[in-house]
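Trainee: Pasting a structure here, questions to come.
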Amino acid sequence: LLPPPLSLSFCSFLPFHLHKQSNISESRQFVRLTRFFVCFFLSFSVFRLQETQKCDLPKFFITKNSGCRSICSVPIWQPKCCHGYYGRDCLVCPGGVGSPCGNHGNCDDGHLGNGTCTCDAGFGGVACELCSDGFYGASCKPCNCSEHASCDAGRKGSGSCFCEAGWTGERCQTPQAMDVCGTWNGGCAKGAKCSQRGETVTCSCPKGHTGDGFSCQPIDPCVAGDNGGCHEHATCTMTAPGKKKCTCKDNYVGDGLTCDAKQLPISRCLQDNGRCHQDAKCTDLHFEDAKLGVFHVRSGDGQYKLNFSAAQQACSAEGGRLATYNQLSYAQQGGMNMCSAGWLDGARVAYPTTYSNPNCGFGHVGIVDYGVRKEGESFDAFCFRMKEVTCECRPGFVGDGFSCTGNLLQVLQSTPRFSNFLTQILNCSAESESGRQFVQRLGNLTVQKTLFVPENSGLPGNQTLSQRDVDFHLSEGRALSLSELRNGSRIRTRVGSLSVLGVSDLLDPSASRYINDRFVTDSDILASNGVIHVLQGPLQAPPPRQESRAAHKAGMGVGVVLLIVVVSAVVFVGFHFYRRSSNPFHFQYFKVSPSVPLQCQDDRLLGSE
């Protein structure tokens, strides 16, 4: 049997990578050449290959394959492109092998296909990679805008509707009323708020103004009957509509809400010399301080590290307390300038400025007030401490300022129980030179002295002391306290020595002392140039010793001899001078007439020395 006419073709069996060769003509030539050899091989095998049709006869009774006919079977190659490929050369559909037509459409693939994508609803583009007009988002959902809007379409669009002029609403489906507020503020007053709802316009005045919105007037809080809330001694000033500033009037101090009469600082020394002694200089350190006791405190960790409680403790550690607003005002008027906010009493925060500085309170001069703050916030602190009064004894006086003592003469003058002894001293000073010198020694501050003074009860006013007795009460060179007056010791004076007799006392060994035969009733009264011990009665100076008069006469004899020698020398010189000069040598004579009473005469005239 002859096989039927055979038209051979084949399915493309080339690997996929051969379709991607850049040289298409070479691929096509390779395909034609391969097709030729395949067809030649098939034609040759048609006439030589035979196939016996299988029979289902039993093998034991019938000869194998007997009664069967032979047929010829020829394999036929049918050309076909894989899915996602199209055309004679099996090109890849738009979108690629993995997602032909972007998986949003069907590709016209196959050997006879043209590779055109038929996109799903809402998608467009060559590979269905775009959204059609009126669709948006990754899934190209349809827009829901009215005909009076344009949609934010596209794969990256949001689907929002952009209304045409005169339309509003989510889909731009509602006609829009005319924007009245956009023209001349809708007829509202300048600065007023214009609101439109549909065709209805509403006007409202801004804060700090009053009116119906079409007419607005600023509110002046100071015209209220309560002075705008300021203190009665404050001036209210409108700083902006509805806002005010309270300032205390002259001679008042405060924040304007409270004003106190200004109290000029008065030195405490003006009253009773500040409790200092009358012979002391009083200095009120608080009065001398221009800041009147207010001072700034900052944490050791730096600026603004103190909360309210820590600020109180910091002031207490400095011996003070948190300053009040008024105290800070006084300090500011005294020249305190501190561009650093600090806590005040009552958890208030402020700082003082004395000159305009744009970096401090926007140039405000006075108290920059932060008001009451939360106690957990951190600032510095302003503390107040009342400074003390100091007392200092004047020159020539000794003491702590609250008690001052002058020299020995001044102590005598200021102590009434020494008046009789002082009278004796002054009488002698008025009658003799030695008396005047004694008074000068009492007032001399360069030499320390010990003075024994009889009190008035032991020195009656009718008793008279000689200058020698008065001198016997004064020892110069040291100020001997009672404890230094030891038993058996002697104290030198100008007219003799005083003996000290101590009586033992187990309770107070220094309590009993006798000077000569006079008991010490009081002791250690300080003066600026010595110390005074009070005696039971006056001391009596010893009479001049005879030995001293004999020695004085012997000294006079020696003096006479020396005088004769000197006179002889003078005569000798005068003789020679007489020979050379005609002017004679003359002697003059002097006469001394004593006029001092015997009671207070100089001891040298009385022959005591």
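The backbone N, Cα and C atoms fix where each Cβ goes, glycine too.
Curation plays no part in TrEMBL annotations; they are all automatic predictions.
Residues or ranges marked as domain 'EGF-like' by TrEMBL: 89-129, 136-173, 177-215, 218-260. According to TrEMBL, the disulfide bond annotation covers C119-C128, C163-C172, C339-C360. Annotation source TrEMBL lists domain 'Link' at 293-385. The domain 'FAS1' annotation in TrEMBL covers 405-539. What TrEMBL records for 554-578 is transmembrane segment.
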Trainee: Can you work out whether the domain 'EGF-like' (136-173) touches the domain 'EGF-like' (218-260), with the criterion being 3+ CB pairs under 8 Å where the paired residues are 6 or more apart along the chain?
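Mentor: Output no: the domain 'EGF-like' (136-173) is apart from the domain 'EGF-like' (218-260).
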Trainee: Looking only at C128, C163, C339, C360, which of these disulfide-bonded residues has the biggest number of Cβ atoms within 10 Å around its Cβ?
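Mentor: Selected residue: C128.
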Trainee: Within 10 Å of the Cβ of C119 (disulfide bond), how many other Cβ atoms can you find? Include all protein chains, please.
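Mentor: Summing over all protein chains shown, C119 (disulfide bond) has 21 other Cβ atoms within 10 Å.
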Trainee: Test of understanding: give the count of other CB atoms lying within 10 angstroms of the CB of C172 (disulfide bond).
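Mentor: Counting Cβ neighbours of C172 (disulfide bond) within 10 Å gives 21.
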Trainee: Could you check which of the disulfide-bonded residues (C119, C128, C163, C172) sits closest to C339 (disulfide bond), going Cα to Cα?
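Mentor: Checked the disulfide-bonded residues C119, C128, C163, C172; minimum Cα distance to C339 (disulfide bond) goes to C163.
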Trainee: Please spell out the DSSP helix, strand and coil residue counts for the domain 'EGF-like' (136-173).
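Mentor: Helix, strand and coil residues of the domain 'EGF-like' (136-173) number 0 helix, 12 strand, 26 coil.
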Trainee: Residue counts in helix (H, G, I), strand (E, B) and coil for the domain 'Link' (293-385), per DSSP?
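Mentor: So the counts come to 22 helix, 33 strand, 38 coil.
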Trainee: Whole-number Å distance between the CA of C119 (disulfide bond) and the CA of C172 (disulfide bond)?
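Mentor: About 30 Å separate the Cα atoms of these two residues.
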Trainee: Would you report the average pLDDT that the model assigns to the domain 'Link' (293-385)?
Mentor: 93
Trainee: Can you count helix, strand and coil residues in the domain 'EGF-like' (89-129) using DSSP?
Mentor: 4 helix, 11 strand, 26 coil
Trainee: In the domain 'EGF-like' (177-215), how many residues does DSSP put in helix, strand and coil?
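Mentor: Going through the domain 'EGF-like' (177-215) residue by residue, I get 4 helix, 13 strand, 22 coil.
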Trainee: Here's one to test understanding: among the disulfide-bonded residues C128, C163, C172, whose C-alpha is closest in space to the C-alpha of C360 (disulfide bond)?
Mentor: C163
Trainee: Looking only at C-alpha atoms, tell me how far C128 (disulfide bond) is from C172 (disulfide bond), rounded to the nearest Å.
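Mentor: So the alpha carbons of C128 (disulfide bond) and C172 (disulfide bond) sit roughly 30 Å from each other.
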